[in-house]
Every structure is written in C-alpha cells, then in structure tokens.
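Below is one structure, written out as structure tokens; the observations come after it.
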Amino acid sequence: MALVTSTEMFKKAYEGGYAIGAFNVNNMEIIQGITEAAIEERAPLILQVSSGARKYAKHVYLMKLIEAALLDAQDSGVDLPICVHLDHGDTFELCKSCIDGGFTSVMIDGSHFSFEENIKLTKQVVEYAHDHGVVVEGELGRLAGIEDAVNVSAKDASYTDPDQVQEFVAKTGVDSLAIAIGTSHGAYKFKPGQKPQLRFDILEEVSRRLPGFPIVLHGASSVIPEFVKMINDNGGKMPDAIGIPEDMLREAARSAVCKINIDSDLRLAMTGSIRQYFNEHPDHFDPRQYLKPARENIKRLVKHKLVNVLGCNGKA
Ligand code: G3H
Ligand code: 13P
Ligand code: ZN
C-alpha cells in the first residue's frame, strides 16, 4: 500500500467509536518504534512531522524513513495504512512545500489569527492541497503550551467557540478540525492539586453542529507517571509533570474525535529509557546500546496507546 490520506481512516474511526493515533516523529528510532507497534497491533497510523522536526532531520530523511516504514510493514505481511501529516503548519509556503514533497495531509494552524484571517489562510491551503489529493486539518480555539518556539501562556489560551465551527468548515473546506477543550502541549498540563478537566460539553456541541465530521485533539499526551519517574530516578528533574488522564482520552476516542496527537509521551519514554541506561552503564558509549532500549520503550508505549487508549488495534 502507498501512503494514504486520513479520509478513510477517519470515516471508519468515526463510525467505529475509536481514534487514530497521530505520533510525532523526529528520527529513525522513533519511526521504527511506532511502526513496529502499529504492525503488531494492526493499527492504522498517522506519522506527523512538525516544522521543528523537518528542520532537525530534513524533509527528505523523514520522508524516506516513513517510506521505509511502509515497506517494513509490507515485509511483515501487514498492509498498514500510513498517513504522513504536517503538524502545526503555520504558513501557506510550508504547507505547499510538504504537499509538493509527498505528504498526504497537512495542518494549517491559523488559530493565532483573527477568525477572518484564519479562514482566508486555511482556504488558501485547502485549495492547493485538494488540487493535489491532500487533506487539510484546520484549528479553531487556542491551546496553551509549547509548540516549537511559540509558548502560549494559559491566559492566552481559549476554548473553541461552537458558534464558529460551521462557518469555518463551510468557508474553508477543511477535512478535519482541531479544537481546544482544555488539553495543552507539553508535559505540564495541569498544576499539582488541580483537578484535570476537559470541556466535553464543548466537544459535544461542536459534534452536534458538525455531524459526522472528524475532530482532532492536540496536546493529548497522558504524561505517563512510570516514564516521569524513570526520568526523575535517573538524574532528571521533571517535578509536577502532569498529563491528560487516560479515561478522558478513551471517552474522547469514542466520540467525534478521530485523531489524537501524541508527542510528549514519546519524548518521555525515550528520555527515561536513555537516562536509565546511562545511569546503569556509565562506561557504555555505543549509541546503539542506549537507542535500542529507547526504541523498545517507544514501541511498548505506542502499543499501550493503540490498545488501551485509542482502541484502533485490529482496524488495519
Ligand atoms: O505540538 C507540538 C509538537 O509536540 C511538536 O513539537 O514543534 O517541538 O517538534 P516541536
Ligand atoms: P503533547 O505535547 O500532549 O504530546 O501534544 C502533541 C501535539 O499536540 C502535537 O501536535
Ligand atoms: Zn499540537
């Protein structure tokens, strides 16, 4: 199977009451760990690339690694649908470059612009993308947290206004919509002692206004305590790292949410494993020695997500 768009994945996920995992990728070990988990669990997959990842690894390296993942799945006898997606595209030019470079899906994040400007930019991207067989994710509402160099403080974050979603989708022609209901980027989503809460009422109202339309949840890492502990027990310093409780993510996956974005959990799994390895083997210096367990830890994490959180195992 060639790389696919997310259209068919989202249709089945919506009808089946599960969500597709969209995992951020930056290097070979991350791509391998995620893909091996998806192959073993027969789960449709979105591999997403941020502009920071593209700068770090270069478009062509990531693209070739993702194509290799597809071939690896075929060799394992699994016809794994993989969608390659631009995460948080911020300009038309960046989206165009990814579309021209073989991505099957792009996000144009105009959430920091006015409603009218967001519509204008998103529509421009949709027109180019659709002409090239590529799908587009837009965003309404603003998440707190860190994306690339942009740090959105909690006071600048805002929930999605359900009154705007129909007009936004109709005027832009987007294929999916990211909304802000209280999730946030990074490893510090709630303050210690604060009760984690998501605005499921907003999600419900959005899906009532957009029946059958796929919704996307960013900032959806659960910041798994096991990995935070692994980091802190091995010289790291991440006190008070708190994520979205898994039961809330499961509830979202059963609803109109068809795509759940996960990056921080991958970072924690990889870093925890490497820190532990260095602590236990201070004399080792072959990168393969510490990257192998890091890749295994990513695989274990992703399998857990696919089966216990997203419910998309066995759907490929
Ligand atoms: O939403 C942001 C993602 O976690 C990507 O992070 O821009 O540092 O690659 P990044
Ligand atoms: P996390 O930081 O919660 O993993 O969110 C990732 C994300 O939304 C990527 O777009
Ligand atoms: Zn995001």
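Just so it is clear, glycine is given a Cβ too, placed from its N, Cα and C backbone atoms.
Automatic prediction, not curation, is the source of TrEMBL annotations.
Binding site for Zn(2+) 1 per TrEMBL: H88, H185, plus H218 from the candidate set H59, H112, H218.
With a 10 A radius on its CB, D109 (Zn(2+) 2 binding site) counts 26 other CB atoms from all the protein chains. Between the C-alpha atoms of H88 (Zn(2+) 1 binding site) and D109 (Zn(2+) 2 binding site), the distance comes to 5 Å. A straight line from the CA of D87 (active site, proton donor) to the CA of D109 (Zn(2+) 2 binding site) spans 9 Å.
Counting in whole angstrom, H185 (Zn(2+) 1 binding site) lies 14 from D109 (Zn(2+) 2 binding site) by their C-alpha atoms. H185, H218 are the binding-site residues among E139, H185, H218 whose C-beta comes within less than 6 Å of an atom of ligand 2, given in sequence order.
Separation of the C-alpha atoms of H218 (Zn(2+) 1 binding site) and E139 (Zn(2+) 2 binding site): 10 Å, rounded to the nearest whole number.
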